[in-house]
Amino acid sequence: MASSKFAYYILFLFLSSILFALQVSSTSRHVVNNHKGFKLNLKHVDSGGNFTKFERLQRAMARGKSRLQRLSLVANFATLSSKDETNDVKSTIHAGNGEFLMQISIGSPSESYNAIMDTGSDLIWTQCKPCKECFDQSTPIFDPSKSSTFEKISCSNKLCEALPTSSCGDNNCEYMYTYGDYSSSEGFLASETFTFGKVSIPNVAFGCGNDNEGSGFSQGAGLVGLGRGSLSLVSQLHMSRFSYCLTSINEDAYTKSSTLLMGSMAHDDYNNIITTPLVKNPTQPSFYYLSLKGISVGDTQLAIKKSTFSLNKDGTGGMIIDSGTTITYLEESAFSLLKKEFSSQVNLPVDDSSSTGLDLCFILPSNTNNIEVPKLIFHFEGADMDLPAENYMIADSRMGIACLAMGSSSGMSIFGNVQQQNMMVIHDLDKETLSFVPTQCDKL
């Protein structure tokens, strides 16, 4: 009898130890089902490169001009598509690329990848084996056969229906995204466990791309869409708020981490916060549109027509805020007025021979970066943003120039990431607002 009790006691201890081990295992990766929030570091795509300030800016601007063209194509083709229901061009053009990388892990066991953060698109995707064609990436390509949590998404799934265009092969939901520079990703929709830092989240839908072409994504192994559509990371995790804080281009920003905050981590209880409404564009529901009412240079409010930054009924025009475009691009008539007024208020000679690629540069006095420049204020609806000088002037004493970090566009205007640097930029999708808080981003 004693030996029987002893056997039960040993069995009890054995089962308890198993239960304890399972509990430890389940919490070691912080599997989150209610998605309260998490924090991630962001790395600039040029970090680690031995570039001067203007070389970094020029590289970023080259990518930014390509992105501007893509975004304009997106808007224009969306307009054409809305006028012609038989035209499916809308579904084949997307913004793509970007300036900041986020590290994510995919699968069970997890594999780490650097993916481009993109507030201008929705789909999350990465390259997958077996590849018909894949571009080079610094990490191994994701192999679904090695993950115990990988699962293909059927054609009847609502997320498959949310794709702009899709096809069905062997009941697998297939996608194809093409971009304005002929880069593309083609594959099938699947679900997998994604890990962000120490937070693991199951059943995240993503594109498993096994036919990927072009040079537009060579900085990362794929893309994480943070747009307003149902396929984006924000929408899938039901996180109504996210924010990011981008370090300054005037510092060693490319070696210092910027920050992305998701969900409850992206709070808005700041004293010095300014807030403006987000505007919806039915033809481009993923973009974050803002209502810009005017611009002031010094004490002079520019005589910009009220309709210049308005979103037109056909979905053209307007202004979006974008993390993936480097400098701000203003509709050409508004930029012309800004350039003229700014030049008149800066007591320096204009450098017409500048090779920076920027439209307005000045010749600096010898051996100085310190110059007086007029204030620049963007009058958003309900929020006047008085930009710090470093958010619109880029100076380099070695080159002897200082330039206005803005340019012109022939339609859509874009509020770029240089103008957002050292700002906590808070997207609140429940309140339909966007807020700015001056923040030393490299101290977070």
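Heads up, the Cβ atoms here are built off N, Cα and C, so glycines get one too.
TrEMBL: automatically predicted annotations, no manual curation.
As recorded in TrEMBL, the features of this protein are as follows:
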| type | residues | note |
| --- | --- | --- |
| SIGNAL | 1-21 | signal peptide |
| DOMAIN | 100-437 | domain 'Peptidase A1' |
| ACT_SITE | D118 | active site |
| ACT_SITE | D322 | active site |
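Here the CA atom of D322 (active site) lies 8 Å from the CA atom of D118 (active site). Sequence-distant contacts (6 or more apart, same chain, Cβ under 8 Å) of D322 (active site) comprise R67, L71, T119, G120, F287, Y288, I414, F415, G416, N417.
Taking the Cβ of D118 (active site) as centre and 10 Å as the limit, one finds 27 other Cβ atoms among all the protein chains shown.
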